[in-house]
Amino acid sequence: MRWLFWASDNDKDGCKCNSKSSSSSDEKPTAPLKSNKDWNSLSNAINWSHYAEPSNLIPTVLLTSGILFAFRIHRRYLRRIPEATNISPSYLRQRSILGKVTSVGDGDNFRIYHTPGGMLAGWGWLRKVPTSKKELKNNTIHIRIAGVDAPELAHFGRPSQPFGEEAHKWLINRLTGRRIRAYVYRPDQYSRIVATVYAYRFLFFPQDIGLQMLREGLATVYEAKSGAEFGGPEQEKKYRDAEALAKKKGKGLWKTKGSNDWESPRDFKSRMNAIDQGKDSST
């Protein structure tokens with residue numbers, strides 16, 4: 001509406017100011033907008049080309065590659081395997097295990113403490129193999145020698161087989177405290193790992209333990225309907241030839257081959273199993 005003529009200019013100005021102040025008080029204050037220029041200005045301020053210079057890039061790449069390479073080497077070659085059940089399937093028929101013999105169970109099996117890397121990794125001069133039963137518990141790999149069957153010792157109420165003690169003593173003298181290399185093939189039903197075993201009598205002259213036992217007449221070639229393991233046809237032929245020669249010479253357990261009570265280790269175990277089954281059925 002039009003202002004009355006007697007209204008002064010000061011009143012008009014006051015009204016205008018009041019209306020403006022009231023309207024401005026009703027409006028909500030707006031927060032200042034964040035400028036996305038902050039990050040851009042920061043990133044632009046960094047001299048990224050400095051990191052692409054060969055003097056900085058090459059050492060970084062070399063250091064990263066070295067760390068990754070060292071990790072791979074440790075994981076593949078220097079990581080210790082505590083027990084036979086911890087052996088990765090990728091090892092079987094592909095890799096060998098180096099270790100020190102801690103005990104011999106009977107004529108064809110024993111335990112080793114895995115020493116990955118051998119002397120180059122410090123075993124024997126910087127790192128010691130434990131000797132106490134407490135330290136060795138759950139820390140040794142149980143190995144079954146592949147391709148051979150030694151005469152049985154007395155155990156589980158069963159009698160000892162002829163030449164069982166001789167085979168056991170021979171293996172103790174040949175292996176206890178020695179470094180061996182085992183070419184692993186597969187686990188057996190007793191949580192052992194079946195392997196061809198080489199013992200180091202001298203630094204560069206490994207000896208095939210299974211083959212030597214056959215030559216001495218202290219074991220026969222492993223005979224079973226299933227589960228026989230030699231590591232290949234060539235190895236099997238070598239073992240059978242050694243057994244045939246020992247048999248021909250009448251060495252070890254072959255001395256009494258012509259007698260009526262002669263039994264191979266396989267026949268002895270089969271007879272003992274039949275006796276045990278007969279006892280179970282009678283009870």
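Placement of Cβ uses the backbone N, Cα and C atoms for every residue, glycine included.
Pulled from Swiss-Prot, these are the features on record:
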- R144: active site (ACT_SITE)
- E152: active site (ACT_SITE)
- R192: active site (ACT_SITE)
- D149: Ca(2+) binding site (BINDING)
- 258-270: compositional bias 'Basic and acidic residues' (COMPBIAS)
- 95-256: domain 'TNase-like' (DOMAIN)
- 10-36: region 'Disordered' (REGION)
- 250-283: region 'Disordered' (REGION)
- 57-73: transmembrane segment (TRANSMEM)
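Comparing R192 (active site) with E152 (active site), their Cα atoms are 17 Å apart once rounded. Ranked by Cβ neighbours within 10 A across all protein chains shown, the active-site residues R144, R192 are led by R144. Long-range C-beta contacts of E152 (active site), restricted to its own chain and to partners at least six residues apart, with a cutoff below 8 Å, comprise D106, G107, R158, S160, Q161, G164, P265, F268, K269, M272. Counting residue by residue with DSSP, the region 'Disordered' (250-283) contains 23 helix, 0 strand, 11 coil.
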